[in-house]
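J.: I grabbed these lines from TrEMBL:
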DOMAIN    280-377  domain 'Transglutaminase-like'
ACT_SITE  CYS288  active site
ACT_SITE  HIS351  active site
ACT_SITE  ASP374  active site
BINDING   ASN414, ASP416, GLU471, GLU476  Ca(2+) binding site
Amino acid sequence: VIPDSVNQISNIDWCIKDNAKKHRTIKYDLVHEKESPTPVLRRGQSFKIIVNYTDRDFNREWDAVVLNLKFGKYPSRRKGTIIQLTVENDSFTQEHDEWDVMIDQETAFNKLVLQVRSPSDAPVGVWRLQVQSELNNIREYHLSEESQAYILFNPWCKDDSVYMAAEDKLEEYVLNDNGKVFAGGSHRWPNGCPWAFGQFDDDVLPIALHIMDFARFYRTGRGCPKQVVRAISAGVNNEDDDGILEGKWGNDDKEYSDGVVPWEWTGSVRILEQYKKNGYQPVKYGQCWVFSALVVTICRALGIPCRSVTNYQSAHDTNNSLTIDTFFDEEGNKIEGGPDGDNTDSTWNFHVWNDAWMARPDLPPGYGGWQAIDATPQEASGYRYRCGPASLVAIRRGNIGFNYDVPFIFSEVNADIMYWVKDATSKWGWSRVEHIKNGIGLALWTKLPEKDDELGDDDSEDITLEYKSKEGTAAERLAIHNAIRGCKLAKQYYDIKSSRKKDVEFDLRELDRIKIGDSFQVQIVMTNKSSDTRTVTTALTAYSTYYTGNISKKIKKTDDKLTIAPGEHKMVTMNVSYNEYWKELVPGCLIKMYVICRVSETGQMYADEDNFTIEKPKLQIKISESVRAHESCKAAFVFKNPLDIPLTKCRLTLEGAGLLKSMAIAIEGEVSPNGMFEHTVEFPPRIHGPRKLIASFNSLELYNITGA
């Protein structure tokens, strides 16, 4: 008998955990919330929903069902953000770039089981669903209550533009919620700081969508990873909108008194929780590695494969010359701003940004894969402080005409260094006295997938050759010349040739790892290749520096003048003791050795530098032998103070996804000179499974002692 009323819908069952397991989203906290769990799904993949009826079983002879899906604040059929799917088939009939629905199972007990498939290019974010129940012979219908689900990018789906064929790599670049950000050390010995990315925390997805609102692009653009990561690079910093984090590059703790010093952060969730608590006002403060870590968190949360990248000896080209230039007057004094006042080029000891993985259909074939993006606000791009995505292939080949910001990142990793002296005999008024082709982008590091080294950095991966061909090879020089062709100012700088005779060779000996408390030695070796005697004046200077390359304090300087016979080798040495350098160190414990030499007879000049880090001890973490979810366990944090002074105003920061909520602990008392620090924390781990605890110790005298 045909019923005379519409079959009423009692509720929609999203089968949240079953779908989450199939969609690899089971780690998201939103899926596990007790009162109102939220579905988290990946596009291009089918998911199951169950329509539960109040009155009777579904009968396709007279019952009709329509799924109404909406996306965004102002959904539109024309823009593809209103979708209506009529339930009538037992299999999918549409292409993978269309929404589709099929009847999976008609069961008793008033249930209709459906499979719904989202297109592989669906906008990413919150989709709202209402199910409409109709009776074929009447115009009445009944609507279910509206429910919603997050739909994310799907790097496991071949039709998705973020698809990555190497599935084992996705365990690291999408699913790993712990890792390292390389901040400090040197290109030979990078220092990896443990970081809790925490992309599955329940605050992350809502905040990710919040910062995308700043981008002001069409909602349909949220299906395009190129536009999404460009929006992320702008929204993580606060320069143009109320983004997540405010950057600050101060000289000491006092300048950060109204916030958190950047080197105290050990994870992203604490920052995001504070951002939400502040009413979505920027959190104070961050520097490049913190911006990069937040980008990893946001990208991985949305399903975009992402890694943090550290470039050692990173150039900041401010006048688009593709070179890093320093200008001197006739007396050898540095001229700030260069000849036109617009040159404030600098070289950072290291700079940290990100790579995100995606196809680039807007570029010629072969330019997809890793794309560089940078959320640290340095230069405006399209009137906003953002950077990328720039194809690594384009950067490596010097194709600076491709979107986005390829020239800037090309200079960061492959600029040449040039030194100029005022010269009245030159047409331009300047003569180039030194051209260093291998001083920028000495190495680029990221974390190696599928490996964790809590005690050292054996889990680091050198990816320099993904950004540039081997230094000095024909391919690397070809990339330089390819880039020069597209840059007028670069042509001018490269066309000027050095007229000075160079017959003395200089070799600044690079230093190895120096532990805090040890002395070190700087040496420069000079060889006279001419047939005449040469007189050389030398100046060796050691500075404590910030990682941006800015000088803090002079530690020591030696000047010398020596005569070198034809074919002779001579060495100048400067010894620096622990007592001379430790009081001058600034956060990061970076030291820059700078050497300037001048040959009196020929006017030949030589300038070079070496940067290295004074290494600090690691924080050891001792855990209870038996650790069980929801049962109290203990963690002890231990290290030896390497200084001969007490450590004061000590603080311990803890992060551990699934273990405990992030916390900052003020430690009572002092750590005695050369004494042991030990502090124990007791907590009940929240979720079972492999978990990582990350900690950072900071005091007024010693910063960023980390362990995991």
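Positions of Cβ are set from backbone N, Cα and C atoms, glycine also.
Caution: TrEMBL annotation is automatic and unverified by curators.
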J.: I need the least crowded one of these recorded positions (ASP374, ASP416, GLU471, GLU476), counting other C-beta atoms within 10 angstroms of each C-beta.
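T.: It is GLU471 that, of the recorded positions ASP374, ASP416, GLU471, GLU476, has the fewest other Cβ atoms within 10 Å.
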J.: Using only C-alpha positions, which one of CYS288, HIS351, ASP374 is spatially nearest GLU471 (Ca(2+) binding site)? These are the active-site residues in the record.
T.: HIS351
J.: If one measures from the C-alpha of HIS351 (active site) to the C-alpha of CYS288 (active site), what distance in angstrom results, rounded to a whole number?
T.: 6
J.: Cα of ASP374 (active site) to Cα of ASN414 (Ca(2+) binding site): how many Å, rounded?
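T.: Between the Cα atoms of ASP374 (active site) and ASN414 (Ca(2+) binding site), the distance comes to 17 Å.
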J.: Cβ distance under 8 Å to CYS288 (active site), same chain, sequence separation 6 or more: which residues?
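T.: Long-range Cβ contacts: ALA183, HIS351, VAL352, TRP353, THR376, TYR547.
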J.: In the same chain, outside ASN414, ASP416, GLU471, GLU476, whose C-beta lies within 8 angstroms of the Cβ mean position for the Ca(2+) site?
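T.: Those within range, site residues removed, are ALA415, LYS437, ASN438, ILE440, GLY441, LYS468, SER469, GLY472, ARG477, ALA479, ILE480.
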J.: Average pLDDT across the domain 'Transglutaminase-like' (280-377)?
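T.: Mean model confidence (pLDDT) across the domain 'Transglutaminase-like' (280-377) is 92.
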J.: Using a 10 Å radius around its CB, how many other CB atoms surround HIS351 (active site)?
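T.: If we count other Cβ atoms within 10 Å of HIS351 (active site), we arrive at 27.
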J.: Let me check the 10 A CB neighbour count of ASN414 (Ca(2+) binding site). How many other CB atoms are there?
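T.: 24, counting other Cβ atoms within 10 Å of ASN414 (Ca(2+) binding site).
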